[in-house]
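K.L.:
Questions regarding the structure given below will be posed in turn.
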Amino acid sequence: MTQHFDLIAIGGGSGGLAVAEKAAAFGKRVALIESKALGGTCVNVGCVPKKVMWYASHLAEAVRDAPGFGVQASGGTLDWPRLVAGRDRYIGAINSFWDGYVERLGITRVDGHARFVDAHTIEVEGQRLSADHIVIATGGRPIVPRLPGAELGITSDGFFALQQQPKRVAIIGAGYIGIELAGLLRSFGSEVTVVALEDRLLFQFDPLLSATLAENMHAQGIETHLEFAVAALERDAQGTTLVAQDGTRLEGFDSVIWAVGRAPNTRDLGLEAAGIEVQSNGMVPTDAYQNTNVPGVYALGDITGRDQLTPVAIAAGRRLAERLFDGQSERKLDYDNIPTVVFAHPPLSKVGLSEPEARERLGDVLTVYETSFTPMRYALNEHGPKTAMKLVCAGPEQRVVGVHVIGDGADEMLQGFAVAVKMGATKADFDNTVAIHPGSAEELVTLKEPVRRPGDPLPEGAA
């Protein structure tokens, strides 16, 4: 016998939980299908365990910096197994919360792997479920290239399973995941090498952030190799070797981490049985309202090819439920001006357009402001990472279309500035805001002279 629901969410990660929770709050009958622990990548092998370890790495840095401020810190060595055990207990508590919360909401939890039978019917381990509305929110998985010896490396999932600290690490990829793991491992004392196919780190970010990040990583002791095309991994008694297409060899690593992107978890869902369009890369295209090409079937989160960020999946899921069940027929997520943070050492953040993006989209109408400095946090230390900031402003009114920050506190300070950008704030609005002193964020409201005006060329390497 087939059980019928108002909504079925396939995937118990951020997006699936959000749409299921909201639909249940509207009194709808909801089923949630998941084969693993609730919380998805973010809770189990992503944002949450990463952030716990990021905090630990900053404590290690603080211990090293303490003597410069007259604080005699003792110890400072890392107990990796203890950190991992505490981290995993914390994740387990979050899993338990979600298990109980889903039950309290009256959501039917279905354990197993879902496959479409038709556009409104799902089969899970021999059990059939149907719904008026089905949401696909199955997230993604780390990519491992098909190269000789690729199995000698681990992914970010494997990193969070490590029971001992790796001592000499190669990270392949310089996106969010690669940069974040590089920073925290180096702060723990590991030797770290990052290789990337692109010609700069975090190539999708503003060039100022990429350049400052490279400078800070170099000062931290992280070795980088750009335009390095990995052809194979090899292993001998000395460890694992990275072999580039041009024959360059980097040798002697005890761990190699693949951080070259993520692929959508859409294989084996039987999407073809429902007639759901799937792109060659596995992404499920949707319109602005999360509709797929099949009425009553929706997709959200990483599988749609949009911003692969937890808050984006949550926001899209909640808005979808409001549209379907709360009479808000035009409710949808605005994907413009979504803020994001990379938890590097120090972190970097952005909202809006980079300078090259703004130039391409808006034309030669930009006024750009920049600053860089070493913050007071390192006033009594011999060295400290650089902070850098950029405002990208457009038109004669100088509407702020991009805010870019790297430095201590960048992760927390950007949220408020993101509200301002979303509301259409101008440079004059920033100027008319009284600064908080002393602090790094005040620089964003006290920038005076532009470094570039309309008609000025982009700086070299900023295209």
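Keep in mind that glycine also has a Cβ here, set from the backbone N, Cα and C atoms.
Heads up, here are the entries from Swiss-Prot:
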type	residues	note
ACT_SITE	His437	active site, proton acceptor
BINDING	Thr2, Gln3, His4	Ni(2+) binding site
BINDING	Ser14, Gly15, Glu34, Thr41, Lys50, His113, Ala114, Asp302, Gln308, Leu309, Thr310, His437	FAD binding site
BINDING	Lys50, Ala174, Gly175, Tyr176, Ile177, Gly178, Ile179, Glu180, Leu197, Glu198, Val230, Gly261, Gln308, Val341	NAD(+) binding site
K.L.:
Have a look around Gly175 (NAD(+) binding site) and count the other CB atoms within 10 A of its CB, chains all included.
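P.N.:
For Gly175 (NAD(+) binding site), the 10 Å Cβ neighbour count is 19.
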K.L.:
Given a 10 Å Cβ-Cβ cut-off, pick out the one of the recorded positions His4, His437 that has the most other Cβ atoms nearby.
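P.N.:
In terms of Cβ crowding, the pick is His4.
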K.L.:
Here's one to test understanding: among the recorded positions Ser14, Glu34, Lys50, Gln308, His437, whose C-alpha is closest in space to the C-alpha of Ile177 (NAD(+) binding site)?
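P.N.:
Of all the candidates listed, Lys50 is nearest in space.
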K.L.:
Using DSSP, would you call Gln3 (Ni(2+) binding site) helix, strand or coil?
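P.N.:
Looking at the DSSP assignment, Gln3 (Ni(2+) binding site) belongs to a strand.
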K.L.:
Roughly how many Å lie between the Cα atoms of Leu197 (NAD(+) binding site) and Thr2 (Ni(2+) binding site), rounded to a whole value?
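P.N.:
Per the Cα atoms, Leu197 (NAD(+) binding site) and Thr2 (Ni(2+) binding site) stand 50 Å apart.
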K.L.:
Which ones in the same chain are close to Thr2 (Ni(2+) binding site), with CB under 8 Å and 6+ residues apart in sequence?
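P.N.:
The list for Thr2 (Ni(2+) binding site) reads Thr121, Arg128, Leu129, Ser130, given in order along the sequence.
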K.L.:
How far is it from Ser14 (FAD binding site) to Gln3 (Ni(2+) binding site), counting Cα to Cα, in Å?
P.N.:
25
K.L.:
Do any residues at least six apart in sequence from Thr310 (FAD binding site), in the same chain, have a Cβ closer than 8 Å to its Cβ, and if so which, in order?
P.N.:
Ser14, Cys42, Gly46, Cys47
K.L.:
If I take the alpha carbons of Ile179 (NAD(+) binding site) and His4 (Ni(2+) binding site), what is the distance between them in whole Å?
P.N.:
45
K.L.:
Return the count of C-beta atoms lying within 10 angstroms of the C-beta of Glu34 (FAD binding site), excluding that atom itself.
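P.N.:
Taking every protein chain into account, the count is 26.
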K.L.:
Please classify the secondary structure at Val230 (NAD(+) binding site) using three-state DSSP.
P.N.:
strand
K.L.:
Which Cβ among the binding-site residues (Ile177, Ile179, Leu197, Val230) has the fewest C-beta neighbours inside 10 Å?
P.N.:
Leu197
K.L.:
By CA distance, which of the recorded positions (Gln3, Gly175, His437) lies nearest to Gln308 (FAD binding site)?
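P.N.:
Closest by Cα: Gly175.
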